[in-house]
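Chemist: Please read through the structure below; I'll follow up with questions.
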């Protein structure tokens, strides 16, 4: 008995402290209300019970009842038939309270019944068969036809969201799809493979079977329908013309038509793209596709031009890939020959025989090479002095080779001859100067001061450019001529070209330097042989002998070198949705000493990657996110296994390619939006959307809609452009309060992402154009005094109840003499 009373006490306490005074969920006073009911539910279900206040005794229901909605005298609102959203999605009713005389004493108030959708309709194609055509080489992804289906279910719910898919392509060659369909719009276009392969000569006809499913195609219980699509492949006349040839420096009036392009259908808008970014682009195109050169061209300035012709629709969107236009500028003879230097100097020994070659004289012509306009002819037109006779020299008419023409020269006759050479092409002539110096005969060979320069030991990390040895040879021929000048060559031992000898022209001293890194592993000991020789040939009977050769031994010591990477930066490109555990790249290094190399990662701050220590293969270990880091950079450390454990580093850059995985959101914080109450006219405000995915060259194209259908009678969202939209009121009958308006934003990506954002709009009294909120108690929020009063009242009621319970318990004890508490204690 006591436990039952305590249980009742607890329930009563909870009721008093927790639920007293709250309005019921399924009943309440007469006021405007909105109810949501799923279609297809069994009839005669109670929706709500309205309570009438005297003198009201009954209710009257009017409006769009359609004979479905009824109300009893006691205020029970119910429906008598199954609701069908496709017949009527929203029922607007009026409910009034009547007195016993049938007069309205309260209301009428609006009652809105929203019929919620269920998936009870199958999507249906508008046609059982579609026909379309596409040009070969059309731009992939550009729609050339659409298939359309309808579904009577609510398009704002998954029930009415359609998903298109190509299920069969005939013929399907090599299992390659040539066509693709936009899953949401039904737009059919070519795949990249189809753009390249389709040929009306090989296969002019294709058939597709296309299906459409509701529930976004994501539910196994979704309904579907199919249709047939016949596609004809037509020839594409949007082709690049043959390369054009234009003679330079044309004097005809410009512009001059040089070629033409043509789109497959009328109405295209043509333009040219200056691919090479020339400051003055000398070409233009008209709207017939005719391409013109607008000014004379200069081949010596630019011998060819490459640019693109594009065709766009009336909205400025490309109809296909641009065509490459190639123009070759044909040479004319508009440049005279030029001398390579003010004076060309040759040397000849005084004992040279008749016909000996002195040198090759050359000039230059800026006209096109290997063309008649640039073929040069040489002729000697003057000699100074003419001693011992004129015409001592000959020159090859086309080769420019200068030879002795009559006899050997003597320095005592003249140490120098000045020749004038006429250089000509088919139209122009130029005079150039040639100086021939007569030098002593080369009858002395260079002689090394030492034949053996000993040996030297160097570490393999000796710096490039270091001088490791100085060698010296002498020549007794005439100083500062080609007969006495010494050139040093390494004729034995340096097969890899790691060394070089640089000669001082004043002293003929040779400096042996390191040209490439030394390598102990391939050449630990090298025997080097040097040769000293003259640029001028030796006279007959004189030959280089052992005096012109010297030797040197180079020993290279080992240096424990770090592992070597073939490159300092390794890069791989992967999609950001790459699965965990996927191999994303490989890094390799080689140890010069042949030791095994172990790999590890450094600066792997996000822990996205791991590396196989043996192979250098790199794998993903966590979800990748381009919005967090578009290029993830880590260091790869290669360490010797054994030895001195030396290490080296390289960089691995993982470039993350974007997938559409971020829903749209508001571009900034839109708190503080308000309208002055009351509205004198419908108002509007503008907001901007963005998302965190990588944006293409074209700006994003978001679509906007209200997040709830019930808001459509009060609000409207209209798109301004791809990123901005306008939220507008549809009337002025708003209460002075805060409205939270959900906005549905779709990015139209692949796959599409949707986000629901909320705009809080306040309707308030305004002072000087700003929202005015007077200080004071707000309706519905209790004051401190009210809270204290409620607590005191609650505790008072609890105290009374406790007192009643304990009195009752005491009374029960008195009435029960067998109770242990009523028996006297025994001593």
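Placed from the backbone N, Cα and C atoms, the Cβ positions cover glycine too.
The shown structure was predicted, so the numbers you read here are calculated from the model rather than taken from an experiment.
The signal peptide annotation in Swiss-Prot covers 1-21. Taken from Swiss-Prot, the feature topological domain 'Extracellular' covers 22-786, and the record attributes it to sequence analysis. The domain 'Cadherin 1' annotation in Swiss-Prot covers 29-127 and rests on sequence analysis. Residues or ranges marked as N-linked glycosylation site in Swiss-Prot (evidence: sequence analysis): 148, 183, 249, 418, 545, 573, 721. The annotation domain 'Cadherin 5' is assigned in Swiss-Prot to 449-565. Annotation source Swiss-Prot lists domain 'Cadherin 6' at 566-666, citing sequence analysis. Here Swiss-Prot flags 667-776 as domain 'Cadherin 7'. Per Swiss-Prot, the feature topological domain 'Cytoplasmic' maps to 808-827.
Looking at the shown structure, can you explain where the listed features end up?
Modeler: In the predicted structure, the domain 'Cadherin 1' (29-127) carries a mean pLDDT of 88.
If you take the C-beta of residue 148 (N-linked glycosylation site) and look for same-chain residues 6 or more apart in sequence within under 8 angstroms, you find 125, 126, 186.
Of all Cβ atoms in the shown protein chains, 18 besides its own fall within 10 Å of the Cβ of residue 183 (N-linked glycosylation site).
Taking Cβ-Cβ distances under 8 Å and a sequence separation of 6 or more, the neighbours of residue 249 (N-linked glycosylation site) in its chain are 296, 297, 298, 332, 334.
Other C-beta atoms found within 10 angstroms of the C-beta of residue 418 (N-linked glycosylation site) number 14, with every protein chain shown included.
Non-local neighbourhood of residue 545 (N-linked glycosylation site): 445, each in the same chain, at least six residues away, with C-beta under 8 Å from its C-beta.
For the domain 'Cadherin 6' (566-666), DSSP puts the residue distribution at 0 helix, 48 strand, 53 coil.
Sequence-distant neighbours of residue 573 (N-linked glycosylation site) (same chain, six or more apart, CB under 8 Å from its CB) are 655, 657, listed in sequence order.
In this structure, residue 721 (N-linked glycosylation site) belongs to neither helix nor strand by DSSP; it is coil. Using a 10 Å radius centred on the Cβ of residue 721 (N-linked glycosylation site) and all shown protein chains, the other Cβ atoms total 11.
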Chemist: Summarise the domain 'Cadherin 5' (449-565) by DSSP state, stating how many residues are helix, strand and coil.
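Modeler: The counts are 3 helix, 52 strand, 62 coil.
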Chemist: Pop the Cα-Cα gap between residue 721 (N-linked glycosylation site) and residue 183 (N-linked glycosylation site) into the table, whole Å please.
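Modeler: Answer for this pair: 23 Å between alpha carbons.
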Chemist: Cα of residue 721 (N-linked glycosylation site) to Cα of residue 418 (N-linked glycosylation site): how many Å, rounded?
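Modeler: Rounded to a whole number, the Cα-Cα distance is 80 Å.
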Chemist: Name the secondary structure element type, per DSSP in three states, that contains residue 418 (N-linked glycosylation site).
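Modeler: For residue 418 (N-linked glycosylation site) - judged by DSSP and reduced to three states - the answer is strand.
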